[in-house]
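Asker: This is the structure I want to talk about, given as structure tokens.
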């Protein structure tokens, strides 16, 4: 599993993996609703728009594709020079963005495309994009507004809080870090002993969840007992770890909270998406400072 994403209401969960198919599931019971078929390489990223009408996927087949969420029909195909690693919609659902990998002599680019303008399929805007620091851009001009470099190694994941005031980054340097969205000020750091592949912020509690583990190529050389494949929960203010959830038998590649904060999901290198519902005690839990 490479990424999982809830829709805004949280009734649907989208998943993509190193096979070629994007899936959509009912989050309440894990029943598969349907698939989006068309990619010919690993699918790295997925997003759905505000009203769950359209789905966007990016793949190692050098394409970004737009789908009708309900019917699974492919609505648009954007061909790129290298693999598409991240993708997303703006709030209106009219503008999509995707970033491409630095490979085969091509730079990383961050591309914006207005779905209302059919001409843009053949000539979209590109901005060069860096992997080790994150940069906020003016989407119309491509001008750099702010940049921050707090991690020492590659950033694997960036997720915002529900109100968009903060975001959390997950890095290969064994940490996740919390930032202010507008100023890019570094607020908190959460430390582990393993690379962090993904991190998410709870919409209702002062909690963050992190997932990671050893790189896939190193997993077979150690027993699962010491692989550290648990999801780990930290208090967002105190930076203290207060819980772990076992289950995956490979590194966790992505984590996501349900929009109501009462459950979370994780997707792993083992090919499983696990949906966990919190016990009643979880909501009463208070960390003693």
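Glycine residues also receive a Cβ, built from the backbone N, Cα and C atoms like all the rest.
Just so you know, TrEMBL annotations are computer predictions that nobody has curated.
These figures come from a predicted structure and were not determined experimentally.
Quick paste of what TrEMBL says about this protein:
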type: REPEAT; residues: 1-35; note: repeat 'WD'
type: REPEAT; residues: 36-77; note: repeat 'WD'
type: REPEAT; residues: 148-189; note: repeat 'WD'
type: REPEAT; residues: 245-275; note: repeat 'WD'
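How buried are the listed features, and what sits near them?
Answerer: Each residue in the repeat 'WD' (1-35) has a pLDDT score, and their mean in this model is 96.
Residues 2-5, 7-9, 12, 14-24, 83-89, 91-93, 96, 98, 111, 115, 121 of the same chain, all 6+ positions outside the repeat 'WD' (36-77), place their C-beta atoms under 8 angstroms from a C-beta of that stretch.
Beyond its flanks by at least six residues, the repeat 'WD' (148-189) meets 131-134, 136, 195-201, 203, 208, 210, 212, 234, 236-237, 239, 254, 256, 259 of its own chain at Cβ-Cβ distances under 8 Å.
According to DSSP, the secondary structure content of the repeat 'WD' (245-275) in residues is 0 helix, 16 strand, 15 coil.
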Asker: Can you name the far-off residues of the same chain, 6+ from the ends of the repeat 'WD' (1-35), with a Cβ under 8 Å from a Cβ of it?
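Answerer: Distal contacts: 41-48, 50-52, 55, 57, 59, 61, 67, 69, 72, 253-260, 263, 265-269, 271-273, 275.
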